[in-house]
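TrEMBL has this to say about the protein:
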- B:25-45: transmembrane segment (TRANSMEM)
- B:30-427: domain 'Oligosaccharyl transferase STT3 N-terminal' (DOMAIN)
- B:92-112: transmembrane segment (TRANSMEM)
- B:124-144: transmembrane segment (TRANSMEM)
- B:150-168: transmembrane segment (TRANSMEM)
- B:180-205: transmembrane segment (TRANSMEM)
- B:211-234: transmembrane segment (TRANSMEM)
- B:246-265: transmembrane segment (TRANSMEM)
- B:277-299: transmembrane segment (TRANSMEM)
- B:311-333: transmembrane segment (TRANSMEM)
- B:370-389: transmembrane segment (TRANSMEM)
- B:396-414: transmembrane segment (TRANSMEM)
- B:544-601: domain 'STT3/PglB/AglB core' (DOMAIN)
Amino acid sequence: MMDHRDVMLPLSLRTLATRTLLLLVIASAVSCSSLPPEDGIRVVSAEKRIDLTGPIVKVFLTLKVENAPTASEASRVLLAFTPTEVQHLSIVKATRAEGKRKKKAFVPLSIEPSELATTAPDAPRLYSVLLSTPLKPGDATTLEVLYMLTHSLEPFPAEISQSESQLVYYRDSAVLLSPYHVLEQVTYIKMPSNRIESFTRVDPTTRAGSEVKYGTYNNQMPNSYLPILVHYENNRPFAVVEELVRKVEISHWGNIQITEQYKLKRHVLNHKGVFSRLEYQSRPSVSGASSFKNLLVRLPPRVHSVYYRDEIGNISSSHLRTNSHKSELEIEPRYPLFGGWHCTFTIGYGLPLQDFVFESVDGRRYINLTFGCPLLDTVVDDLTVKVVLPEGSKNPQPVVPFVTEKHLETSYSYLDVVGRTTVVLKKKNVVGEHNVPFQVYYEFNPIFMLAEPLMLISAVLLFFVAFIAYLHMDLSIRKSS
Amino acid sequence: MAPPALDSLPAPLRSLRLKTKQQELLLRVSALALIYVLAFAVRLFSVLRYESMIHEFDPYFNYRTTLFLTENGFSEFWNWFDSESWYPLGRVVGGTLFPGLMVTAALLHRLLRALSLAVHIREVCVLTAPFFAANTTLVAYAFGREIWDSGAGLVAAALIAIVPGYISRSVAGSYDNEGVAIFALLLTFYLFVRAVNTGSLAWALASAFGYFYMVSAWGGYVFIINLIPLYVLVLLVTGRYSQRLYVAYNCMYVLGMLLAMQIRFVGFQHVQSGEHMAAMGVFFLLQVFFFLDWVQYLLNDARLFKSFLRITLTCVITVGALALGIGTASGYISPWTGRFYSLLDPTYAKDHIPIIASVSEHQPTAWSSFMFDFHILLFLFPAGLYFCFKRLSDATIFIVMYGLTSMYFAGVMVRLILVAAPAVCLISAIAASATIKNLTTLIRTKSRSPQTTSGKTTGSKAAAKGAVDQSLPFQHNAAIALLLGAFYLLSRYAIHCTWVTSEAYSSPSIVLAARGHNGGRVIFDDYREAYYWLRQNTPPDAKIMSWWDYGYQITAMGNRTVIVDNNTWNNTHIATVGRAMSSYEDEAYEIMQSLDVNYVLVVFGGVTGYSSDDINKFLWMVRIGGGVFPVIKEPDYLVNGEYRIDKGAAPKMLNCLMYKLCYYRFGELTTEYGKPPGYDRVRGVEIGNKDIKLEYLEEAFTTSNWIVRIYKVKPPKNRS
């Protein structure tokens, strides 16, 4: 991971130079909100596949881009998003296919928000995909882009009763929003079931079962946008963790204690009127189709001392299944969550130290953990990861593969005198794709491990000494007869 | 461990006597330490079985206030006006509670925090009662040593550590005033007896502070302030008056009274309330006695003194009676409260105060619960009384009086078994210890008759006794048999206590456990499910109406405003809720509108067979409601004096709000195989009204086992 960062730095520096140049060129073009491709790039063919089966919108883009023979070398390709999309954008990944046929390999590319064209409020926001090797004039390459949008499904009707199923709107464009000229483009929208209430027709539009195909469209001008609206049934539980605080406490006596505080909301739509337990119990499949009963938490193997509770006590409905590869905790909130209902709870577990804390080559130690939320299929609006290092550790340095807000604080626990250094990482809009390892490096002298036991030993010793002294002393002023 | 070993090293030639004394000390200290640990550990069943949680009803209020105290500090707590309960009246919490328990827990919490132990206040609250129970064993040891000897003290400590009567109120999680108060009660008594025995001002002062702690912790302090004057009076009457008594009582009473006035809830009751007047009377009587004593010493003439006595006594009695009469008539001295009356006359509450009578723990005690809570102590108690009378002293008179009065109160009210438990333990300990001591001396003198040189404490006595008893045949064997019998009884006691603790007294009553079909444990966590639902999914200012039993829990766990709660200070308000529950829906709607009620919560056991539900409590609602609002009449809900819910039930019963809310849509549910739908498993009948329509309320939430049902009160219709 360290290497990765080192590579990134000069790359971004290199682009910085070109960017400042470009800014001058583009500044005039912004006012008309259509951005001329500054280099000769155009999209030869584009395929956009939108996956609407879950609560998170996943979009797969396959772009075949070509650099005009007359233009200069291109070191990056721009992607455009609408401002609302940017707000809900949780992750963007791009890969580039390199090599021919059997030797074909996908090389991950780094992406950074581009400062271009952000002055106009409605203008598309641009992201630059930084190419590992510049695209020579006349060359073509294929980019695979994946991005995810959270909170992009709007329920309609906004309130449903217990037995109704949940219908949502999804808005997008039939054609690819791109700063480049698009020669040929097609959009597929995949829905979870055949129940599609309506969809906007932008000919040619075809529907096959649960899939709607828009296109093929030819020769689209840059920044063209054809709004479409899809209204369909989505009964997948929309669990949204509004806030998650993961606290990782490291003890060099052999344990890592993780405490996760969840603030969960059954999102988007509101529950209307009556909740009838009778209907919920007698017809579970019909009634409360969009409510959810249980959640699955994927924990590391060899997990121990798992608990599941909230502010008023243990919640007795949970099951833990462990095997050598993974542990799964199935939890059930105290009550079934219907639209707009909240629920908060805490999960805690211990992990063996040797599975997660290692010593690096330079003598420092580091903890290697997964960043995101262990709950499957959920969106975390606001994630805070706190790594509480043992007392006496120095120079903490977190290494996270994406941008997070970082700061240090001090926390106190049992028998702490100077307090423990705590690394706090914050990130918004976290989805399952963020469940990647991250590291925190720190320096720790094992002698500090003995501080607390020695304190206890001396306290007990003092107690005994005081007792012995008391028995051997005569404190009475007057001798009793 | 350390002292004997250390001693033996530098001075191996110490006398044998000192060594046995130290061994005895070691034995005593380790036995006490074991008892201490046992008393704590035996109360942890509920934590192991369930979890570290607060039990029952009142402890939730105590927990909530403690939380408030730790978060906002003492002065905020002292001036706390709680608008979340008794809506719209509110409650001046700081002035209407005994703060001792909360302050104790908050101090313990702060101490632990200062020692950098990061414990949550909940854990402190849960373990406060076991901790104080363990401390009580130490006090019992000291008390036993004071009234008899250290052997009796040890036995008393062991007995009290596991006596079910005390455990019932001091298991982990039972965070109630009594948990601390029994410790304070016994401590006050011990310090007072010690003060009487020594005549020392220091002990009297200590007992005044013990009394202050007791007053700050529990309303049961009234027992102390009446028992101690009674004791002093008895000593006076039996001619046991002494300077020691004078010092002890005066110091304890005056200081204790002044200190107790610092508690806002108690205030000036010590000089204004009828319940405290006995203490004041005895105080003045003691002064008169002292004065007379002094006059007698001055006069030195029996005849003259007799006439003087006559004059003074009549004067004093008239003045006293006059003062009391004027005080009572002018209203300066308040008459006895209903609770006090109901203690003296067990039938009083039933006729006059239904709200006291409706609480199960205020019922007169059944014989079985005496047996259950005291086991062999019930037989040892009279034996102990015999021993006490045999060796009468100031201290034994006290314990006898404490034992007898508290036994009477225990008979009047179930919950007061708790107060009797320490006395019963102490007196029984005297019996057990004295008997075993006698038996062992018998055995030892017999076997050790040739070598009785080592000056035992009881050596001469035992030798004399041995000489007398030499004539009895099989004495040695009989003694061994009796000893074995005593140990058998004591071991049965230990087994019984453990069994009772684990089976009967360790259930949090907020989580219900039952055996499933396959023998596994099934947990009904419906209460917390409902309270947490309220907490998360209702507006923060929602007002919840329920019967008062659940008020404390709703405010503590649900964090919502309630109309009435377990602090039954306003009978009319409770009666209003009772009236709403027993009216027709439209009438109830008007009452609920006037109280701004948003949600109504009822507890219903018909699905699971949970018998302490609102339908079973319903007649009390009718009675309490009817006590204030004569429109509610109990016979309207009964059929020929019988309480029924099936087809033959009274029409008013079938259509009142409580019935509707409990049985709404219950008629469509099949609860038991082979029974018609709508079969109530608690009452064992099919319900009488299966077609319930709600007009002004709608079902908002029902827990998974239907135990708690919450209804939303619809807003008023628009005028058309």
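For all residues, glycine too, the Cβ spot is worked out from N, Cα and C.
Residues belonging to the domain 'STT3/PglB/AglB core' (B:544-601) score a mean pLDDT of 92 in the model. The stretches the transmembrane segment (B:211-234) and the transmembrane segment (B:92-112) are in mutual contact, each linked to the other by at least three Cβ pairs under 8 Å (pairs 6 or more apart in sequence). When DSSP labels each residue, the domain 'STT3/PglB/AglB core' (B:544-601) comes out as 32 helix, 8 strand, 18 coil, counted as helix, strand and coil in that order. Sequence-distant contacts of the transmembrane segment (B:92-112) (same chain, six or more residues past either end, CB-CB distance under 8 Å): 62, 65-66, 69-70, 74, 77-82, 119, 121, 124-125, 128, 131, 175-177, 179-181, 184, 213-219, 263-265, 567, 569. Among the recorded stretches B:124-144, B:277-299, B:396-414, the one sharing the largest number of Cβ pairs closer than 8 Å with the transmembrane segment (B:150-168) is B:124-144. Counting Cβ pairs closer than 8 Å and at least 6 residues apart in sequence, the transmembrane segment (B:396-414) and the transmembrane segment (B:180-205) reach three or more and so form a contact. Within the chain, the transmembrane segment (B:180-205) has long-range Cβ neighbours (under 8 A, six or more residues past its boundaries) at 100-101, 104, 128-129, 132-133, 135-136, 139-140, 142-143, 146-147, 166, 169-170, 211, 213-214, 217-218, 220-221, 223-224, 228, 242-245, 247-252, 255, 394-395, 398-399, 402, 418-419, 421-422.
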